[in-house]
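Listed features, source TrEMBL:
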type	residues	note
COILED	502-529	coiled coil
COMPBIAS	652-662	compositional bias 'Polar residues'
DOMAIN	6-380	domain 'Cation/H+ exchanger transmembrane'
DOMAIN	477-562	domain 'Sodium/hydrogen exchanger regulatory region'
REGION	596-687	region 'Disordered'
TRANSMEM	6-25	transmembrane segment
TRANSMEM	37-54	transmembrane segment
TRANSMEM	66-89	transmembrane segment
TRANSMEM	101-122	transmembrane segment
TRANSMEM	134-154	transmembrane segment
TRANSMEM	166-196	transmembrane segment
TRANSMEM	216-239	transmembrane segment
TRANSMEM	260-282	transmembrane segment
TRANSMEM	288-314	transmembrane segment
TRANSMEM	326-345	transmembrane segment
TRANSMEM	357-380	transmembrane segment
Amino acid sequence: SVSSIVPESCLLIVVGLLVGGLIKGVGEKPPILKSDIFFLFLLPPIILDAGYFLPLRPFTENLGTILIFAVVGTLWNAFFLGGLMYAVCQLGGPGLNHIGLLANLLFGSIISAVDPVAVLAVFEEIHINELLHILVFGESLLNDAVTVVLYHLFEEFASFEQVTILDIILGFLSFFVVSLGGVLVGVIYGVIAAFTSRFTSHIRVIEPLFVFLYSYMAYLSAELFHLSGIMALIAAGVVMRPYVEANISHKSHTTIKYFLKMWSSVSETLIFIFLGVSTVAGHHYWNWTFVISTLFFCLIARVLGVLVLTWFINKFRIVKLTPKDQFIIAYGGLRGAIAFSLGYLLDYKHFGMRDMFLTAIITVIFFTVFVQGMTIRPLVDLLAVKKKQETKRSINEEIHTQFLDHLLTGIEDICGHYGHHHWKDKLNRFNKKYVKKCLIAGERSKEPQLIAFYHKMEMKQAIELVESGGIGKIPSAVSTVSIQNINPQTLPLERVLPALSKDKEEEIRKILRTNLQKTRQRLRSYNRHTLVADPYEEAWNQMLLRRQKARQLEQKMNNYLTVPAHRVDSPTMSRARIGSDPLAYEPKEDSENLPIITIDPASPQSPESVDLMSDEPKGCSGLPPSPEEDEEGLVMRVKEPSSPGTDDVFTPGTSDSPSNQRMLRCLSDPGPRPEPEEGEPFIPKGQ
């Protein structure tokens with residue numbers, strides 16, 4: 001129940017304090033965590049475990065954010081803290097006046113870096129989401145180069161009588177040498193380890209040894225030349241893993257995995273226990289002003305650095321970092337044993353205040369590990385920060401991931417934009433074409449990534465079935481690929497592809513060359529400020545507008561001629577409309593050729609009872625209108641029934657002449673006119 005509230009690292013420090021007190025109580029001198037033991041034997045297993053099993057995709061996708069936090073954030077913390085502590089020393093009285101600016105900057109560089117061991121110990125227990133975990137943990141891994149450079153730089157400057165501008169420029173350049181040099185050393189040893197594993201098929205027992213040996217050699221080689229050993233270990237683990245796992249057996253893979261986990265866990269336990277023992281055994285010099293100021297300014301520098309850098313980073317990120325994320329990143333800046341070991345390495349000759357520095361460092365470590373480490377879990381629950389979801393990867397997810405990668409690469413290629421998807425695709429093509437053939441043995445060098453992932457999933461499923469006692473279900477539950485992985489058989493012969501003649505192949509190539517678009521030569525990167533005006537663009541636009549207007553006019557005419565008539569009103573509604581305004585239906589003086597509809601409002605005669613009305617107007621038949629017709633207006637006649645045997649559709653009647661049809665259409669179609677509003681007459685006056 002205690003371990004669910006208190007992190008394991010805190011409990012181990014408490015155990016170390018008890019052991020140190022017990023040793024001191026019996027009159028013996030407790031052992032102190034020496035820096036050589038820490039950097040040479042305890043730290044490498046933890047970093048190798050983190051680098052070898054690093055989640056590469058989220059790490060590379062967030063590499064820019066991680067680098068900004070690791071480099072700019074650590075520099076800000078170091079100089080901000082060093083400058084303020086120098087001001088505190090100048091104002092803090094006689095006990096602190098002798099501490100100069102360089103010593104305070106050195107102290108700031110030691111205490112400013114986030115510790116990977118402490119972050120791993122705390123963040124793996126709270127199961128934070130993958131984005132926040134990789135941001136804080138990646139920062140703690142990559143800030144090692146900045147810490148190493150600043151530490152050695154200020155240590156060297158402390159022995160100089162005068163620091164020149166050239167020394168500062170060289171110190172700035174040494175950062176690139178230390179970081180990139182460490183990465184280069186790690187890549188070289190990673191490639192050598194992958195190449196060596198290609199030839200170990202007949203001696204499977206020593207395969208795990210090569211992984212540990214070359215990784216440790218990468219770390220020692222980097223430390224030998226004062227390069228970043230942590231960067232070298234991470235680079236070696238990341239580079240060697242995909243090729244080594246393709247070459248070694250499954251048993252060797254299991255050995256590497258569990259041995260690394262056990263080794264890193266033992267090292268982590270020893271580090272925190274030794275921290276507690278060293279706290280009891282070491283020489284301490286307590287100064288309230290210095291220690292409290294250090295703790296306060298550490299928190300202030302971390303919060304300000306995260307807020308300012310996140311404001312800048314969010315301008316370029318698609319997935320923005322929310323205020324909750326910023327709080328967890330700032331609160332997760334834990335300090336640990338690396339700061340203690342670097343402080344322990346200080347020389348009394350140049351830094352007589354080493355004991356006070358160590359006391360302040362231990363205070364900051366205890367505060368971050370105990371207070372922040374114990375309260376970060378309830379804070380994550382209180383803020384409802386997204387937790388890590390344990391989901392198994394599936395073939396479906398892998399297919400869609402690869403599809404989206406190809407799609408985004410194609411979009412960048414069409415736009416002429418060289419984004420990170422483009423360079424990632426180039427790297428994958430180079431890896432598949434050259435590197436895999438050199439570093440992976442046998443047929444697996446040509447195996448597609450999806451098929452390799454499928455084989456791995458099937459092997460894992462088969463092993464889980466065997467371990468759970470479901471061996472009898474294997475033929476029905478596991479596909480044939482699993483059986484082949486458990487009992488490997490001889491590979492079938494490759495399918496023979498039909499050979500093309502040289503002439504046919506050259507003809508196909510010629511067709512492709514002439515017809516395919518050369519996007520790289522034709523398209524440039526899009527920028528609305530640098531677009532060249534097309535001289536024919538205005539003419540094309542005018543032509544398109546004219547065509548559009550002509551099409552709209554034609555559509556209006558078609559609507560005018562083909563829209564069906566309005567629904568006939570009921571007799572009651574018609575009588576009400578006419579009775580409301582009889583004068584609105586007076587005929588025009590010049591409307592001799594138009595049909596006149598005369599309806600008696602009091603007549604019960606309904607228009608629906610008439611089948612067909614003779615709507616031929618006076619004067620349309622070429623004869624003058626008779627007086628009777630003039631008085632009657634429009635004459636309505638009942639349609640005569642057709643004789644039997646005749647077809648109503650195909651037999652033309654008297655009313656089927658073109659002029660009659662045209663008149664019917666004109667009368668039935670009011671045209672594109674808006675609906676009459678309520679209160680207006682049915683037929684406006686004067687029309």
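Counting starts with 1 at the first residue shown.
Here the Cβ of each residue, glycine as well, is placed from N, Cα and C on the backbone.
Whatever TrEMBL says is automated annotation, not expert-curated.
Remote same-chain residues near the transmembrane segment (166-196) are listed as 145-146, 148-149, 152-153, 157, 160, 210-211, 214-215, 217-218, 221-222, 225-240, 243-244, 247, 438-439 (criterion: CB distance under 8 Å, separation of at least six residues from the stretch ends). Segment contact holds for the transmembrane segment (260-282) and the transmembrane segment (101-122), given three or more CB pairs below 8 angstroms at sequence separation of 6 or more. On the 0 to 100 pLDDT scale, the coiled coil (502-529) averages 64 in this prediction. With Cβ pairs under 8 Å as the measure, the transmembrane segment (37-54) is packed most heavily against 216-239, out of 6-25, 66-89, 134-154, 216-239, 357-380.
Residues 64-65, 68-69, 72-73, 76-77, 80-81, 84-85, 88-89, 92-93, 96, 107, 111-112, 320-321, 325-326, 329-330, 333, 335, 356, 359-360, 363-364, 367 of the same chain lie 6+ residues outside the transmembrane segment (288-314) yet bring a C-beta within less than 8 angstroms of a C-beta in it. With a threshold of 8 Å between CB atoms, the same-chain residues lying at least 6 positions outside the transmembrane segment (66-89) that come near it are 59, 96-97, 99-101, 104-109, 111-114, 134-135, 138-139, 141-143, 145-147, 150, 289-290, 293-294, 297-298, 301-302, 304-306, 309, 312-313, 329.
Within the same chain, the transmembrane segment (6-25) packs against the transmembrane segment (357-380): three or more Cβ pairs sit under 8 Å, each pair at least 6 residues apart.
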